[in-house]
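**Q** Pasting the feature list from TrEMBL:
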{"type": "DOMAIN", "residues": "1-108", "note": "domain 'NADH:ubiquinone oxidoreductase chain 4 N-terminal'"}
{"type": "TRANSMEM", "residues": "21-43", "note": "transmembrane segment"}
{"type": "TRANSMEM", "residues": "63-81", "note": "transmembrane segment"}
{"type": "TRANSMEM", "residues": "93-110", "note": "transmembrane segment"}
{"type": "DOMAIN", "residues": "113-403", "note": "domain 'NADH:quinone oxidoreductase/Mrp antiporter transmembrane'"}
{"type": "TRANSMEM", "residues": "116-133", "note": "transmembrane segment"}
{"type": "TRANSMEM", "residues": "145-169", "note": "transmembrane segment"}
{"type": "TRANSMEM", "residues": "189-212", "note": "transmembrane segment"}
{"type": "TRANSMEM", "residues": "224-244", "note": "transmembrane segment"}
{"type": "TRANSMEM", "residues": "256-277", "note": "transmembrane segment"}
{"type": "TRANSMEM", "residues": "284-303", "note": "transmembrane segment"}
{"type": "TRANSMEM", "residues": "309-329", "note": "transmembrane segment"}
{"type": "TRANSMEM", "residues": "341-361", "note": "transmembrane segment"}
{"type": "TRANSMEM", "residues": "381-414", "note": "transmembrane segment"}
Amino acid sequence: MLKIILPTIMLLPTALLSPPKFLWTNTTLYSLLIAALSLQWLIPTYYPYKFLSNWTGIDQISSPLLVLSCWLLPLMIMASQNHLQQEPMQRKRIFISTLVAVQPFILLAFSTTELALFYISFEATLIPTLILITRWGNQPERLSAGIYLLFYTLVSSLPLLITIMHLYVKIGTLHLPTLQLTHPTLSTSWTGMLSGLALLMAFMVKAPLYGLHLWLPKAHVEAPIAGSMLLAALLLKLGGYGIMRVTLFMGPLSNLLHYPFLTLALWGALMTSSICLRQTDLKSLIAYSSVSHMGLVIAAGMIQTHWSFSGAMILMISHGLTSSMLFCLANTNYERTHSRILLLTRGLQPLLPLMATWWLLANLTNMALPPTTNLMAELTIMITLFNWSAFTIILTGIATLLTASYTLFMLLMTQRGSIPSHITSMQNSTTREHLLMTLHIIPMFLLILKPELISGIPS
């Protein structure tokens with residue numbers, strides 16, 4: 001574990017001390033090297049924990065998410081090159097350092113075996129994200145987006161800290177493998193109910209559950225491209241991962257806690273998909289689509305069966321890659337037309353024909369076309385929900401129908417139709433952008449061949 005975390009931390013001096021000519025080259029190559037090293041975590045073992053140390057350990061649930069977070073760092077650095085071109089050298093260095101600073105915390109949050117350390121790193125990821133949004137966003141509204149993000153997260157995570165302390169007083173340990181062996185401590189009393197609610201609430205806001213999701217579209221719209229990729233691909237997964245971790249040792253929860261979360265998650269998947277059909281703003285549309293996908297993950301995490309956890313894992317990984325790619329594509333449009341409004345950036349296929357191919361691929365994976373892992377995950381989750389209660393098929397069915405329709409709507413609006421009259425010239429797409437899209441889509445295609453790697457089932 002340390003052989004990844006230490007090089008990641010050493011990226012900071014690399015970013016701050018590299019000669020100006022080699023700044024991007026050094027940081028990108030170095031982080032790609034770390035990403036390549038992190039692939040060893042995917043090696044299947046028979047042990048429940050790999051690479052176990054006092055504080056960190058990697059099991060089947062955390063290894064795919066860890067590899068994903070290492071993989072996305074070089075992609076975020078590559079995606080940010082263009083919009084930082086005009087900035088002075090010092091600011092470029094600070095920007096890369098901010099990106100790198102999130103990384104150790106995310107790695108710790110996904111790999112820790114101690115609940116207290118998990119809480120600390122879960123909260124610490126907030127600070128660099130906040131800096132990214134409020135300093136490097138495009139519009140002045142980024143300040144209100146930052147305040148939304150800060151207060152939603154803080155209000156929900158203070159009860160989590162109190163409940164973690166309460167658990168420690170009651171059990172005497174916060175070590176996750178030990179907690180899974182102890183008898184369920186949260187009883188059916190009011191205290192147990194409230195502690196269960198407090199444990200889940202922080203992750204529900206992070207995931208985000210429909211109703212607690214209002215910070216997400218704001219933050220996505222105002223964030224720079226690296227901030228959007230970080231939010232969509234990694235920070236939302238922290239919520240899903242936390243739900244899967246916490247529900248495991250809470251024991252069988254009372255239905256009073258399950259039902260509201262399940263209904264809100266499924267209803268939210270339906271509602272946010274229909275909101276997507278009315279969006280005018282491209283980044284906002286992609287942000288709402290991640291709310292609907294994470295709704296399925298929350299629902300799967302709530303019913304706590306092997307199948308549902310496996311489906312939630314696959315969906316989190318494939319959604320991380322897909323939505324990150326969609327944000328990159330939206331950003332390439334934004335850098336050329338300086339507008340996120342769908343009406344003003346339509347008909348780009350004749351101008352950027354190769355980009356249209358990437359748009360098509362990203363949208364097809366987003367709407368869960370077979371044989372992608374997105375389809376496997378959604379089918380797994382729908383089957384487990386149907387097994388739990390037959391009525392859920394109505395909600396999930398309509399949600400998938402709406403997902404397909406808003407994805408096609410996004411594809412047709414951006415690529416087809418007549419070119420608006422105000423677009424007179426358009427820069428060509430660069431090799432860097434194509435490489436960025438390729439590095440997003442190659443893992444997607446390779447995972448189709450071997451989805452066991454990310455399914456969270458002990459192999």
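Along the chain as shown, residues are numbered 1 onward.
Even glycines carry a Cβ here, placed using N, Cα and C.
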**Q** Quick one: do the transmembrane segment (309-329) and the transmembrane segment (63-81) have at least 3 Cβ pairs under 8 Å, skipping pairs fewer than 6 apart in sequence?
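**A** When sequence-distant Cβ pairs are counted, the transmembrane segment (63-81) touches the transmembrane segment (309-329), since at least 3 lie under 8 Å.
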**Q** Under 8 Å between C-beta atoms and at least six residues away from its ends: which parts of the chain pack against the transmembrane segment (63-81)?
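**A** Distal contacts: 4, 8, 24, 27-28, 31-32, 34-35, 37-39, 41-42, 50, 95-96, 99-100, 103, 106-107, 110-111, 224-226, 229-230, 233-234, 237, 241, 313, 316-317, 320-321, 324, 328, 331, 432, 435-436, 439-440, 443, 453-454, 456.
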**Q** Across the domain 'NADH:ubiquinone oxidoreductase chain 4 N-terminal' (1-108), what does the mean pLDDT come to, as a whole number?
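**A** A mean pLDDT of 94 is what the model gives the domain 'NADH:ubiquinone oxidoreductase chain 4 N-terminal' (1-108).
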**Q** Determine whether the transmembrane segment (284-303) and the transmembrane segment (381-414) share at least three Cβ pairs under 8 Å, counting only pairs 6 or more apart in sequence.
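**A** By the criterion, they touch.
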**Q** Counting by DSSP secondary structure, give me helix, strand and coil numbers for the domain 'NADH:ubiquinone oxidoreductase chain 4 N-terminal' (1-108).
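**A** DSSP classes over the domain 'NADH:ubiquinone oxidoreductase chain 4 N-terminal' (1-108) add up to 80 helix, 3 strand, 25 coil.
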